[in-house]
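In what follows, a structure is listed as structure tokens, so that the remarks can point back to it.
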Amino acid sequence: MVIADYGEGFENYMDIMNETGFGFAQVWALLASGFLVMAVTAELMGMAIIAPASRCDLKTDQIKITTLNCSAFIGVIVSSYFWAVLADTYGRRWVLLLSTSISTCLSLTSALMPTFPLFIVMRFCVGLFIAGPSFAAVTYLAEFCTFDHRHIIIVYMAMFQGFAMVYCPAMATLFIHQKWTYDLGFIVYKPWRLLMLLNSLPGLIGIVLLIGLPESPEILLCTQRKQKCIKVVKWIYRVNKRKEMDWNIEPEELSCPGYRIVDKQNCVELMNQGRPLFKKPYVVPFLSSCVVMSGLFFLCNGLGIWFTDLRNRRIDKDLELYTICGNMGRFKKFYSEVDRCQVTLQSFRDSMLLGATYLIMFTGVALLLRSVSAKIIVVALLILCFPLGAVLPWITHETATSVVFIIFLAIPNCLIALVSGIVIEFTSVDLRGKALCLCILIGRSGMVTGTFLVGYAMDANCELTYTLFGLYPLVCSVVTVLLPGRWKCFRLIANQPKLRARSSSVMSTWSMQHRSQIYNAMLKK
């Protein structure tokens, strides 16, 4: 592994990428990446609906449902770094196609499992492969765009999580209460098994869209496939401008900053490629990003995967007289007096409203990013999240409870995209996949912690559990202060001392107000 400086070669690459503009090529990549992200959300969060619905067929209790909800997440945690190394070594598109195809096949197979042990093993295997698109889709899309467009397009891609959160409960509303069954001999096929098939459709659509797209040009450049990189850049230009690029550039005129792989390496050396993230200048911003990401996943997914189940643990009679915890206590008493197979999920309205709120919030954040730093947005929204979580377990009005709960979950989910964008911006290309992967991996560890916390502690002490979730945004907002701002991100990937000095000089020039002016000056001054 050698170090390449941030010299004229990469400036040439940025120049030709700027010439391609923003158009249908980026929109195509956005749709492909978006459907892959939608597939990840549908596979992981869709179990929040399927696990309670499968209770009788698989003979599960609360502990088994908690384990089932976490099984795919644990698979993601186990395999994420492996996929990150492959993505940074061989390419993003190859990893996306391979991992999504296998995870889709395994998901369809898991719907046919007759017993709980087999079902949970298959869901774990789904997690092993769905880990690929869970982070590689973001880096793939980001590298199709110029520096100025990355933050906003990542937020638009994250909006597909909102589509998934509307899609899953909408499909459940149509099918989960149907009474039809088909005896296949080894299993009785019921509507909850059909939902697993429907949750796999976004992944299939994403694969079809990805087949027509090339590899990321930036990863081709940094893995010494410069001729292919030039062809991809010209393809982007042709798709966007509807004409051929007349800018002739030779492969030797291009170079990639940062570390790059130049020789074949053994497995240990490949796994050690992430070590620069734990050294200066990356260590502080990277570890800060990991802590913040862990808190965001702890909040939005650790609690969010139980959202549908928690909102349905209530008795309609005298609903307005009790807090959310009071209604859960009444439901538990009612539940113990009836046959559990007769208790079904009553409504998915709140789940669909949660998905719609995601979409609204992502749109608002995308608009804010045009004039406000991502770091400032993260801090401000986390501080707003704190009072919402603090009052949640004490509200008695049912509509107010739904609104506060939905906003409390939507805010951290939206911020995951912003923190991912910050990680992408302060890391060089060869470290980008591993950095984002490790950050999301630690985040999913927080999510598993949150999921187990709700599964085991919510019934024991509901108010304390909600209070813990309410305090966590305050902790995250303090750590967020350590994240690098937009231009510090750029300076972190600049290895040449003269460019660092140049960037400091340009940033101190108050006459330049527009971001693109500052960015172009840093590269071309």
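Residue numbers in this text run from 1 along the chain shown.
Yeah, the Cβs are placed from backbone N, Cα and C, and that goes for glycine too.
Remember, predicted model here, so these are calculated numbers, not experimental data.
The annotation domain 'Major facilitator superfamily (MFS) profile' is assigned in TrEMBL to 27-488.
Within the chain carrying the transmembrane segment (27-53), a Cβ under 8 angstroms from the stretch's Cβ atoms is held by residues 60, 65, 68-69, 72-73, 76, 96, 100, 103-104, 107, 123, 126-127, 130, 133-134, 137-138, 140-141, 144, 153, 156-161, 163-165, 167-169, 172, 176, 191-192, 195-196, 199-200, 202-203, 205-206, 209-210, 212-213, 239, 301, 304-309, 344-345, 348, 351, all 6 or more beyond its ends. Annotated transmembrane segment per TrEMBL: 27-53 (among others), in sequence order.
Marked as transmembrane segment by TrEMBL: 65-87 (among others).
Panel annotation: around the transmembrane segment (94-113), residues 36, 39, 43, 83, 86-87, 119, 122-123, 125-126, 128-133, 136-137, 140, 184, 186-187, 193-194, 196-197, 199-200, 203-204, 206-207, 210-211, 215 of the same chain, lying at least six beyond its termini, place a Cβ under 8 Å from a Cβ of the stretch. Look at TrEMBL and you will find 94-113 (among others) tagged as transmembrane segment.
Taken from TrEMBL, the feature transmembrane segment covers 119-141 (among others).
According to TrEMBL, the transmembrane segment annotation covers 153-176 (among others).
Per TrEMBL, the feature transmembrane segment maps to 196-213 (among others).
Look at TrEMBL and you will find 282-307 (among others) tagged as transmembrane segment. Under 8 Å from some Cβ of the transmembrane segment (282-307) lie the Cβ atoms of residues 44-45, 47-48, 69, 276, 350-351, 354, 378, 385, 389, 405, 408-413, 415-416, 419-420, 422-423, 426-427, 431, 435, 438-440, 442-451, 453-455, 458, 469, 472-473, 475-476, 479-480, 482-484, 492, all in the same chain and six or more residues away from its ends.
For 352-369 (among others), the entry in TrEMBL reads transmembrane segment.
Residues of the same chain lying 6 or more positions beyond the ends of the transmembrane segment (376-396) and with a Cβ under 8 Å from any Cβ of it are 292, 299, 320-326, 365, 368-369, 404-405, 407-408, 411-412, 414-415, 418-419, 462-463, 466-467, 469-474, 476-477, 480-481, 483. Annotated transmembrane segment per TrEMBL: 376-396 (among others), in sequence order.
Feature annotation from TrEMBL assigns transmembrane segment to 402-424 (among others).
Feature annotation from TrEMBL assigns transmembrane segment to 436-458 (among others).
Marked as transmembrane segment by TrEMBL: 464-483 (among others).
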> Where does the mean pLDDT land for the domain 'Major facilitator superfamily (MFS) profile' (27-488)?
Replying inline: 80
